[in-house]
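Peer 1: Here's a structure for you.
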Amino acid sequence: MNLVAAQIVNGLAIGMLYAVMALGLSIIKGLLNVPNFAHGALFAVGAYVCYTLSTIGAPFAVALIGAFSGAALLGFLIERFGIANLTGGSYLLQVLFLFGTALVIEQILVLIYGTTGVSLVPPAMLGGAMDLGFMFLPRYLVFCALVGAFSIVAVWLLIEKTRIGSSIRAGIERREMVQCLGIDIGTLLTLGFALGAGMAGLAGGIALPLLGANATSGNDMMAIAFVVLVLGGLGSLYGAVAAGILIGVAQSLTTLVAPSASTLLIYVIMTVVLLIGPKGLFGER
Amino acid sequence: MNKNLLALAAVVLLAVVAPMVIPISIANEIIVIAIFAMATNLVIGVAGLYSFGQAMFFGAGAYLTGYSLTAGGLSLVPSILIAIAGAAALAGIVGAVIIRRSGFYFMMLTFAFNQMAFYVVLVWSGVTGGEDGMAGIKRAPVGGLDLNDRSVFYAFCAVLFVASYVILRQIKKSPLGLVLEAAKENPRRMASLGYSVHGAQLAAFMISGAFAGLAGSLYVLLYRFVPIDSISWIMSGNVVFMVVIGGMSSMVGPIMGAAVFVWLQGLFSLLWAQWALLFGLFIIFVVFTLRGGLIELFKRVARIRRAGEAHHG
């Protein structure tokens, strides 16, 4: 029982990471309609920025903000100077551009930090475990779930309650109409991509004390985020959040019975959902 | 008809001349990877299904051949046939699940399945060798031919390369190919005309998987080793890149794309251990400059030359 409870908490924390990753992808997909193949590399950038800032003595909160900002800045550059200039050509060129960018980012990370990977001990305040009487709860897992939830709520507020958010929603809905209303769609797309990229970086930062990082560790995350996005249904921006948490918990519970099958389980769930409900769990436009 | 023969003659000529002008090992890798690129062009260029998981089939062929030859103790030809059949079957299973998805969905799902295949290979290290790959592969003689001789092995691959070109080109021109190309433009209309669009797409996906498996199998025989990279998503991205830079309008384009890729990979890896960085930069450069593929570049050069001649004349 205790074990199950512990795995559920663990699953919630991991699931929040998936949800943050997938929500970023979802925003980028909605606005630009490209699968962001650099999402995994941006995740790694976030992890390494967080690592570097922590090792030079910055507080963990600052390191996380850095992880978000670093990846968002990169995302800004990728969109403004890359994707925005490729809109006239074939769709595949944008995808290939993102693939090439992912290679370059990963290799630069290898160049700076080497191939062995890094890890980080969570700050003292977040280390250790809380005694709940019936189980011990690692503090960092709780923190992970809370920061994930907090950032998802922040993005939700940004998108649903602010002027720029309503422009983003309108941009997803009817791009030409938004342009006709005099809103600068180019800037909107750049901001949307930067936001999505920033979320990948934030997920990388949060995940660092939990999973460690190396230059290519984002690719597994990216694959799972793609699955989560498909499961959530591409039409709904927030379906990804629910699907992410669901996957995280399901994966964690599987570790109890068959540890090595827990990653495979994600793909099994995806296959089953696609076969019986092709629109994903929360519908598709 | 004439044009077809001309293209075939060019492909045969390329296969014959290549080992004379460049090192035979590089020429051999080019024709093997070219089979992979042509197979990928069947789904991307002909059917318009943007698969980002082709390495799954290349890798399946590679590992099946490696396993059949080492632990399986089979001879060469059955090992290659198992690789082809296994890769086609894998494509059939994956395709059955995802073929109804299009565009964005299809790309993400092929990538996700590719990553799953990579994960299985990584975890199942008792059989696959995990991160270290699978070594100790020998080229058993086939019908008295000693494939350990580099030229004999090249000839063996060259025959399969030309055969793959002819078959894939015929498929492109066949009713199946026409249905695929028409469905790329307007799937609903093709469906209402009574064609089974998803059936045709699944068939193309499986054929592509089969040839990718063949390429993976030959790749393993060439290097006597199965690297785990053969099933990684980077390989999937690379082959999309080959198809795009070569041009998708014919099966000759992907061959050129494969040649450029293999040649550049060799060149960059000589320059710097971090060659993947140079390669990534090259992809970005190409994406911005060659929007219509190499074929478009040749046309552009020809146009400039013609304009120059007109100017002088």
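Every residue gets a Cβ built from N, Cα and C, even glycine.
Annotated transmembrane segment per TrEMBL: B:30-52, B:73-99, B:105-130, B:151-168, B:202-226, B:238-264, B:270-290, in sequence order.
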Peer 1: Considering only Cβ pairs under 8 Å, which range in B:30-52, B:73-99, B:270-290 makes the most contacts with the transmembrane segment (B:202-226)?
Peer 2: B:73-99
Peer 1: Taking the transmembrane segment (B:30-52) as reference, which of B:73-99, B:105-130, B:151-168, B:270-290 has the most Cβ pairs under 8 angstroms?
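Peer 2: It is B:151-168, which has the most Cβ pairs under 8 Å.
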Peer 1: Taking B:73-99, B:105-130, B:151-168, B:270-290 as candidates, which has the most Cβ pairs under 8 Å with the transmembrane segment (B:238-264)?
Peer 2: B:270-290
Peer 1: Six or more residues out from either end of the transmembrane segment (B:105-130), which same-chain residues have a Cβ under 8 Å from its Cβ atoms?
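Peer 2: Cβ under 8 Å, 6 or more out: 49-56, 59-60, 63, 67, 71, 90, 94, 97-98, 226, 228, 231-233, 236.
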Peer 1: Give the nonlocal contacts of the transmembrane segment (B:151-168) in its own chain as ranges (CB under 8 Å, at least six residues past its ends).
Peer 2: 8, 11-12, 15-16, 19, 24, 27-28, 31-32, 34-35, 38-39, 41-42, 139, 142, 145, 207, 211, 214, 218, 221-222, 251, 255
